[in-house]
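As written in TrEMBL, here are the features:
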REGION    1-57  region 'Disordered'
COMPBIAS  1-10  compositional bias 'Polar residues'
COMPBIAS  11-22  compositional bias 'Low complexity'
DISULFID  Cys93-Cys107  disulfide bond
DISULFID  Cys106-Cys169  disulfide bond
BINDING   His168, His189, His198  Cu cation A binding site
DOMAIN    189-206  domain 'Tyrosinase copper-binding'
BINDING   His323, His327, His358  Cu cation B binding site
DOMAIN    351-362  domain 'Tyrosinase copper-binding'
Amino acid sequence: MASASNCIPYSSSFSSNKSPLSDNRRKNPTVKFTCKAKNNEQRPETTSKNGGNSPVKLDRRDVLVGIGGLYRTSLAVNSMNLAKPALPDFKDCIEARQPNGTPINCCPPAIDKIEDYVPSATTIRTRMAAQSFTVDSDYYKKYSTAIQKMKNLSLTDPRNFLQQANVHCAYCDGGYTQKGNPNLLYEIHYSWLFFPWHRWFLYFFEKICQNLIDDDTFALPFWNWDAPEGMQIPPMYNSVVTSPLYDFLRNPDHLPPSVINLEWCNGDTTVPPNDQIKYNLAIMYTQMITQSKTQTDFFGSPYRAGDDITTLSGAGQIEQTPHNHVHSWTGTTVDPSNPINMGVFYSAARDPIFYAHHANIDRIWTIWLNQLKGTNITDVDWLTAYFIFYNEEAKPVRVRIQDCLDPTKLGYTYEDVPIPWLDASAKPKPRAKGKTLPSAPDPAQVFPVILDKTINVIVKRPKKSGSGSPEEILVIEGIEYDKRSYVKFNVYINEDDVNACRPDNTEFLGSFSNLPHGHRMNVKANKKFRISEVLEELGARDYDKVLVTLVPKSSPVQINGIKIEFHS
Ligand code: C2O
């Protein structure tokens, strides 16, 4: 396996002081705030539950409302008034919606007092790859006992397994509105909240497990779907139908030995396992390396108070692929219009495998930082955004993103397993020399269009102005769809035969996808792909036009345009 250091063609483009997020609009241009602080600087102090100095920066509104068990004073820091993180209005949980519109009450039991929490672990436990455990192992006994105990708790206990799944539901299917903006729903997917929210969610879920089995060395497993050894449903989750780790609502066609397809969508044909493994590794390389060069690429776009998530275009590369597809591959499609448990957000966390899936997503975050030399966001609106969870004592606690950035402070690390995709880059298809691109119409003649069949357009490349080497970005503009529906389409560049194009071909740029949500109906998103390196690979650096092909894989969406632009 290649060492990580020779797999980072772009590490020099990172700068910890300059946030690459600055290209993103802020709703209120008068409150521009540049955070030059590193993660631990520039924060007023307040006492935390742990008694230590909590690096919590408070929003003025919090001080006025005074929620929580702490009394806060001396917070007259100017920047505080400028910070506008998107926050959930936790006091006002409303009925969420299933994608078919049926109301579902995911609201947690009523709470009166919320305490701030800052972790300060003194020991480290290791989250291990799930495939290494069988149902005979001691680990399985502990883990399944913990989950069974969670399932046995009273439904009025917020640590109850279904209540925990409901925490996820409330945070993503319209259970909360935005604090201070009651007309806007709050959402923890499709933006820079995605990685940290799920990290905190797992943290407390793990704590609850530890507490129920009285073993604070217990750590959740991770589903290592990015390596061949982990590309099936791990045995623990599938061996015994009476196991609390088993879920009947998984796709019966995808039980072992079926190999996961990290670009899966309903209707895809099965390919031989070794091919699928090869494709998966290339997909990981594309998503983690070719397409995740900036913080916005990786984490998703900023989400601040007043932002409307339905127009934000916010999901990061990993959240879309493989995250979404692992969900839809695992969830059942008994009724394809109403996939359940893993396939839909409101019920996803009812399948115990959800937590192993997200432990791997969380591990991927650590890989992006450590092996690929990415950096965490330093924007104060990200650092100070908070969430509320239930701890192992069933008490509500408020936690901030800035306090989850170091997993060792949270008391865990990941087993060091091989990362075979680090050198699995996609390769161009062999092509006849001198073959020219087929002709296709100009985007202006085609868009807007309902994507109900394959569409080819020839897109002009803009002329570079000035010095430097800006990155060329292909933008699919104004993707309009109903958030309750499953959406996927694939995007290819300079490919004249998409049926013969595989995910390990450079010509396959990736996909756009949406997992069904119970949110309000209409979404308008953009999707961007980095193409400088891709065109170089394809030997098309000097072309003045490229062929772009969109292939629908789900019910149709409307697309309003395609263009290429430069990002510095
Ligand atoms: Cu909150 Cu994998 O979803």
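Just so you know, glycine gets a Cβ as well, placed from its N, Cα and C.
From a predicted model like this one, the values you see are computed outputs, not experimental measurements.
Applying an 8 A CB threshold to same-chain residues 6+ apart, the list for His198 (Cu cation A binding site) reads Ile188, His358, Ile361, Asp362. Counting same-chain residues at least six beyond the ends of the domain 'Tyrosinase copper-binding' (351-362), those with a Cβ under 8 angstroms from any Cβ of the stretch are 127, 130, 147, 165, 168, 195, 198-199, 201-202, 205, 220-226, 230, 233-234, 237, 244-245, 247, 249-250, 318, 323, 326-327, 330-331, 341-342, 407, 414. Counting residue by residue with DSSP, the domain 'Tyrosinase copper-binding' (189-206) contains 13 helix, 0 strand, 5 coil. Between the C-alpha atoms of His327 (Cu cation B binding site) and Cys169 (disulfide bond), the distance comes to 14 Å. Long-range C-beta contacts of Cys106 (disulfide bond), restricted to its own chain and to partners at least six residues apart, with a cutoff below 8 Å, comprise Cys93, Ala96, Asn166, Val167, Cys169, Ala170, Asp173, Gly175, Tyr346.
There are 23 other CB atoms within 10 A of the CB of His327 (Cu cation B binding site), with all protein chains counted.
Apart from His323, His327, His358, the Cu cation B site neighbourhood in this chain, defined by C-beta within 8 angstroms of the site C-beta centre, holds His198, Glu319, Asn324, Val326, Ala348, Phe354, His357, Ile361.
Per-residue confidence over the domain 'Tyrosinase copper-binding' (351-362) averages 98 (mean pLDDT, predicted model). A coil conformation is recorded for Cys93 (disulfide bond) in the three-state DSSP classification, outside any helix or strand.
Surrounding the centroid of the Cβ atoms of His168, His189, His198, where the record places Cu cation A, the chain contributes additional residues within 8 Å, namely Tyr171, Cys172, Ile188, Phe194, Trp197, Phe201, Phe345, Ala348, Ala349, His358. Non-local neighbourhood of Cys107 (disulfide bond): Cys93, Ile94, Glu95, Ala96, Asn166, Ala170, Gly175, each in the same chain, at least six residues away, with C-beta under 8 Å from its C-beta. A Cα-Cα distance of 11 Å separates His323 (Cu cation B binding site) from His189 (Cu cation A binding site).
DSSP assignment over the domain 'Tyrosinase copper-binding' (351-362) gives 10 helix, 0 strand, 2 coil. In this structure, the disulfide-bonded residues Cys93, Cys169 were compared by how many other Cβ atoms lie within 10 Å of their Cβ, and the smallest count belongs to Cys93.
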